[in-house]
């Protein structure tokens, strides 16, 4: 954490900070460092909703899945998060969440938490053949996207198209990424990292296209020990789309630890206008 | 529809039938034809929740995404579905849903609906090289799984392991499937089809393993015209897992029309004990 002066709070932690009002209600505030072109970066909103469960006194275990629905724009300013415990079983717990401003819901979410136990295990997804993170140059995000400055991105392939780029027939991006300044990985941090892939339509079309996530689902494969073992090393993300048409496309991502373990798989449906 | 005598209601339609109580509340009843080993087939529960929006007077457009969280068992008998319209924008609409019995929530869901307009389109996912449906033998599901009898399944590969089967290092199943008796495709029907893949852990281990879906997310790529154009032809489904470990695994599926168009992509997190 040498980049952080003394006891300064990391901007990520400032952005997801919630003040508990009791009964599953919290207040928070958008953070300018995580602004997107309209409203905040979707990943920071996902992280903030997860954070509400993380600090809830009745939380059982760790996150297994998280679905976030971006129902309307979040304006710069304060917001309220509500976390409702829908059902708690012996080893799983279901949450229903929303983020509202002035009484209007901007974002809804559901999360499944649970206790994880040792079982048979196997990873079928294959860690891609890529150079190590420190062998790939850091490439800054376009300057007008504030949140991109909070991530150190090293594109192995599929960087955001530059002006004059041509179309591509493959929407795949492979990128080493970590928070900037570096920050030890935790579940909210991982939830946000699952959304750092710019909309795949830009890569296919080779230019800017208005687009925004409608719904995002993340499955956490890493347990708490594996997440904290990542420390502040870069994780490898790879994302691609399956289908674009009639105003929407999907994209799926895999997030791998530097040691080649699969940390999360994540899927989203994205609106576009083209 | 020659298999259906006269004006008989198809068992699928009987299973997802809801009586509107007004204000987004409905009553329904589990159907013995769609029973699973414990409670109903997850796909029929997903279809029932979608049906609540389909028949809601304020519905805008068609389904874009659906997430269903299986929070607790659904007992044989009546249930109540509540569909809350969270937010309606110009072209999208966000729903929050649950299914409850005796006041206890068994299932939660969120759905995004919207109006679809012509845009640039492209399918990156590749339709698999498979024989036509009528060249593949129908293979019955194990007899103790009632819901399996409502689907005509023609496994191209990855059929459910028979007694004495060995382990597999690949969790892929490819199957031509349609309702039995045949039934014209609609959105609830497609939502259910996304869940007809038995748990991938059974294929990997070559034997029965206790397992159950925790959370299911489906992205609908087909619009209403494309869905109805499928009529009652088989659709091709392919599913596989990415990671198994510490009690959970994910599986992802693609559903293709007989004409090779991608109808839906679907993802789920599954509990297992092994």
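Every residue, even glycine, has its Cβ placed from backbone N, Cα and C.
Mean model confidence for the domain 'Acyl-CoA thioesterase-like N-terminal HotDog' (A:32-114) is a pLDDT of 97. The domain 'Acyl-CoA thioesterase-like N-terminal HotDog' annotation in TrEMBL covers A:32-114.
The domain 'Acyl-CoA thioesterase-like C-terminal' annotation in TrEMBL covers A:135-271.
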| task | Pull the DSSP breakdown for the domain 'Acyl-CoA thioesterase-like N-terminal HotDog' (A:32-114) and write it out as helix, strand, coil residue counts. | result | 16 helix, 43 strand, 24 coil
| said: Could you give me three numbers for the domain 'Acyl-CoA thioesterase-like C-terminal' (A:135-271), the DSSP helix, strand and coil residue counts? | reply: 25 helix, 54 strand, 58 coil
